[in-house]
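Quick notes on the structure that follows.
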Amino acid sequence: MEMLLSGRGLIISLIFFLLKFSTAIEIPLSVQQVPTIIKQSKVQVAFPFDEYFQIECEAKGNPEPTFTWTKDDKPFNLSDPQIIVSNNSGTFKIPNEGHISHFQGKYRCFASNKLGVAVSEEIEFIVPNVPKFPKEKIEPLEVEEGDAIVLPCNPPKGLPPLHIYWMNIELEHIEQDERVYMSQKGDLYFANVEEKDSRNDYCCFAAFPRLRTIVQKMPMKLTVNSLKHVNDSSSSTEIGSKANSIKQRKPRLLLPPPESGGESSLTILKGETLLLECFAEGLPTPQVDWNKLGGDLPKGRETKENYGKTLKIENVSYRDKGIYRCTANNFLGSATHDFHITVEEPPRWTKKPQSGVYSTGSSGILLCEAEGEPEPTIKWRVNGSPIEKNPFAGDVVSSREISFTNLQPNHTAVYQCEASNAHGTILANANIDVVDVRPLIQTEDEENYATVVGYSAFLYCEFFSSPEAIVSWQKVEEAKPLEGRRYHIYENGTLQINRTTEEDAGSYSCWVENAKGKTAVTANLDIRNATKLRISPKNPRVPRSHTLELRCESTCDSYLKHSLKLSWSKDGEAFEINGTEDGRIIIDGANLTISNVTLEDKGIYSCSAQTALDSVADITQVTILDVPDPPENLHLSERQNRSVRLTWEAGDDHNSNISEYIVEFEGNKEEPGRWEELTRVQGKETTVLLSLAPYVRYQFRVIAVNEVGRSQPSQPSDHHETPPAAPDKNPQNIRVQASQPKEMIIKWEPLKSMEQNGPGLEYRVTWKPQGAPVEWEEETVTNHTLRVMTPTVYAPYDVQVQAVNHLGSGPEPQSVVLYSGEDYPDTAPVIHGVDVINSTLVKVTWSSIPKDRVHGHLKGYQINWWKTKSLLDGRTHPKEVNILRFSGQRSYGMVPSLDAFSEFHLTVLAYNSKGAGPESEPYTFQTPEGVPEQPTFLKVIKVDKDTATLSWGLPKKLNGNLTGYLLQYQIINDTYEVGELNDINITTPSQPSWHLRNLNAATKYKFYLRACTSKGCGKPITEESTTLGEGKYAGLYDDISTQGWFIGLMCAIALLTLILLTVCFVKRNKGGKYSVKEKEDLHPDPEVQSVKDETFGEYSDSDEKPLKGSLRSLNRDMQATESADSLVEYGEGDHGLFNEDGSFIGAYTGSKEKGSVESNGSSTATFPLRA
């Protein structure tokens, strides 16, 4: 692909240079030469809205040309004060001021110097008049119904194009149809008028778009008298005579006008559009047809417009000349008109004279040929004058050529060839320059060029030489002409080096030599590394709706990186620079991302790299994978009672092989329309023998599966119905539902519709006491439940259930053992004792109840306990029962999460599937003291360079009699190494603070505080703080309370608080209520409410009063130094707490204050330093 693009670049370069070499020789302006007109105006229109009108004429030559003008073939003086003349050219401007109509005419520019005169083509300057309709009084028109009439427009003359419209005074178009027609001249024709044509506001509008002007003719009034409206006094004879005055008539042509006779002639220019129109009056309205005598209308270029009244032929050619006939018909007759069409053409060049540069003594020829109809007349001029007046015109002069032999400098001139006929004039200048000079190299010396390895290099050496010159190239260091097939020198001096290598780099000299001398320039060539490109991944396979990501990895020469441009295309069509507007296709430089790909995204993707010197591309084939198309043409064969063969044809796999087919069926009588999977078939198979159930009206469909996913289901197959049969299976999952004592409610899974095998499905239920030598009791039911009464509670029975339908019974049923209904246990366990393990955990033991007193299946035992009082303060607690269940036959259980130093009562009861039995007698026990919880807070309230004062709050739960605190501290200083831990025992329980001394200055400490009872100390709460440095920071907080400003501030705050409380008290006594409070009552803020609850919980004076909405936690009240007991560890079976109804209650005991969420107790205090 890289070589392909390299070759393409070479071809493009060759075409460019060949075109460059084929152009006429350009004479440098430094060489004397005749004038050449390089720019001139065409037709110029003086639009009234333009500021000025410029007529251009520019020419080059040496000596510099001077300019003169003619207007309508007469000399035109540019000294008119209204004219503004441009410097160094013949261009002049006419300002749009005052009257300029006298400037209208045909201008011609003459550029002359001592060597010759160049003549421009004619430049027409048009000063259009402002078109106006004449002021006139238009008499009303009155006609009878059925008459023909023409409403004339007679638009004013103006600058083409002209557009004519007929409208009413409200600017609504007059409707045109087969009966009403507007001619090309703008007149409105009626083939026959109707009463609805009456109106007093027929207006003709003429629009001149180039002048931005629309003019309106005075409104016309047309009255159509209807013969239906006669006086009531008229006799029937008068009515009949008026009715007969509307007579049907054959067509009569109104266009072309009747005075033109039956035929007319028209000349049309080749390439223009021919418009022919015919309109006839008559009743009924005539129809118009067109044909060409002796030939056919030109297919593809002819159209009939305006209901056939206009024949339009575009791009007329000579073969379109001839006779065209229009025929107007109705059932009474016809009328015809013949158009004789002649096609002519303005002059056009077939051989245009070409300028030439010649050396002295050489030969030359000027050819001038033109075509047109009529045939153009050709005239020669020399320097703008007739050739007859020039003595050095040439050796041979004819109407079509001028030839020269032995050209001399006095032959230098500008020759004009003019071709004209009735439709216009064309003029061409041809320069004859006789020049003898040493070669002039126009390419700059020391030009630098570059190319890449393997590409062609082009070194320029453009020159002008007369006489002709010889060009040679050589490498500077070798000093000999270049030779070999890799080198080619073009006529204009350019050197091409093919298939360059790194050795081609260096400096080259171009030598140009003719009879007058020789000249040279130097060119420098650099060879760069070729650009390389690779797209990844190669030939990806992407599932539909996924994302395609392509990357274009490129390397190029370091000197070319600034010019490197990457572009992406698909199947030869380039992407937009940034992708698509909807963002589905994103191009980010070397990355192309297409989201949600579709099948249309498959194709060949190309990445192209373009630098200033080369281009390269790489491609990748992208395959889009999709789910398969649905299988087709499903066919059933080999139909049997219990099987059928299904065959199908595979759909398009969309580039991913089909791995399997899923065969589905529909036929379930209970769920009609529901499709279920029947079987799966390997992807290479398209037929399968299906096993079927009896008594089903089957319909099948097939789904194809590939690596992308599933296809849509196929169209359903024909129906296949299987005959009924006896059941093949019996119900499963036979069981007893919870029932009353001495009762069995037997239930089972009913057979599905597809398992019933026939009509009349019933269930035969038989039962008897297990192992008893008695007859089976039997009952047949249609539903899937049966209620059976039994003489005893919770007795075992053998039960069988068999499926039966109209065609027979199912297989012999298997017996299952079921028990009759349970009753509540009727006795309570006896508590043997309660062993206190620790302050929060006890072990309860009891005696099991006899099996015959369970009256069912024993599920386990339940312990109920509640706190009666706290041993710390002796306050009693309201009864709040906690429940813990232990599954299975057992005689002990562990009760965790108790409050330390408290008195409890507990009971034990047994439970079965029916429910719980009676409780045992309450058993009273006490828990010992435990360690306290951590203090509620620890703060450093004062710090100095060597001292710190700490303050703390009591623990929420003391769990015993508080004996004091353990205060510890150590140096941390934000490093991994910490200092020695210092202990202070505080033996006064009521002590709320402590003053530490002999600390190090500017040192960070960590403090630990634990509350203690006789059982030990609890979890610590921590705090960190830094002592102050030496000098100016010492005593920062010592005397703040003695400062005057601080005392004043505190007094002001106290006064404001007192005033606010007084106002609130007065307002409340008056029965008022704050609006904010009302809003809070109606819409409480959760965060505010939470803060309030937490505040109340923190300062509650009683652990015994739970707050509304408080949260409970399994391990909230467990002690730090004792095991954190859990239900998982001590309970068996159903690990959890249940209320009396068996539901989980989520807590055991203890305080219920909101906000008692356990924390790590750590915080950090930062103290400001005085700057």
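Just so you know, glycine gets a Cβ as well, placed from its N, Cα and C.
Listed in TrEMBL for this protein:
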- 232-246: compositional bias 'Polar residues' (COMPBIAS)
- 1077-1095: compositional bias 'Basic and acidic residues' (COMPBIAS)
- 1112-1124: compositional bias 'Polar residues' (COMPBIAS)
- 1157-1171: compositional bias 'Polar residues' (COMPBIAS)
- 35-120: domain 'Ig-like' (DOMAIN)
- 128-223: domain 'Ig-like' (DOMAIN)
- 251-342: domain 'Ig-like' (DOMAIN)
- 347-433: domain 'Ig-like' (DOMAIN)
- 439-526: domain 'Ig-like' (DOMAIN)
- 531-623: domain 'Ig-like' (DOMAIN)
- 630-725: domain 'Fibronectin type-III' (DOMAIN)
- 730-823: domain 'Fibronectin type-III' (DOMAIN)
- 825-930: domain 'Fibronectin type-III' (DOMAIN)
- 934-1031: domain 'Fibronectin type-III' (DOMAIN)
- 232-264: region 'Disordered' (REGION)
- 709-733: region 'Disordered' (REGION)
- 1077-1125: region 'Disordered' (REGION)
- 1150-1171: region 'Disordered' (REGION)
- 1-24: signal peptide (SIGNAL)
- 1045-1066: transmembrane segment (TRANSMEM)
### Message
Using a Cβ cut-off under 8 Å, which residues of the same chain at least 6 positions beyond either end of the region 'Disordered' (709-733) come close to it?
### Response
627-632, 634-636, 639, 641-642, 644, 646, 648, 651, 662, 664, 666, 675, 692-703, 748-751, 755-759, 761, 763, 784, 801-811, 813-814
### Message
When you look at the domain 'Ig-like' (347-433) alongside the domain 'Ig-like' (439-526), do they share 3+ Cβ pairs under 8 Å, ignoring any pair fewer than 6 residues apart in sequence?
### Response
yes
### Task
Could you tell me whether the domain 'Ig-like' (35-120) and the domain 'Ig-like' (347-433) are in contact, taking contact to mean 3+ Cβ pairs under 8 Å with a sequence separation of 6 or more?
yes
### Summary
DSSP tally for the domain 'Ig-like' (35-120), helix/strand/coil in that order, comes to 3 helix, 46 strand, 37 coil
### Summary
Counted with DSSP (H/G/I as helix, E/B as strand, rest coil), the domain 'Fibronectin type-III' (630-725) has 0 helix, 44 strand, 52 coil
### Query
Per DSSP, what is the residue count of the domain 'Fibronectin type-III' (825-930) in each of helix, strand and coil?
3 helix, 56 strand, 47 coil
### Number of helical, extended and coil residues in the domain 'Ig-like' (251-342), per DSSP
6 helix, 55 strand, 31 coil
### Query
For the domain 'Ig-like' (347-433), what does DSSP give as the number of helix, strand and coil residues?
6 helix, 50 strand, 31 coil
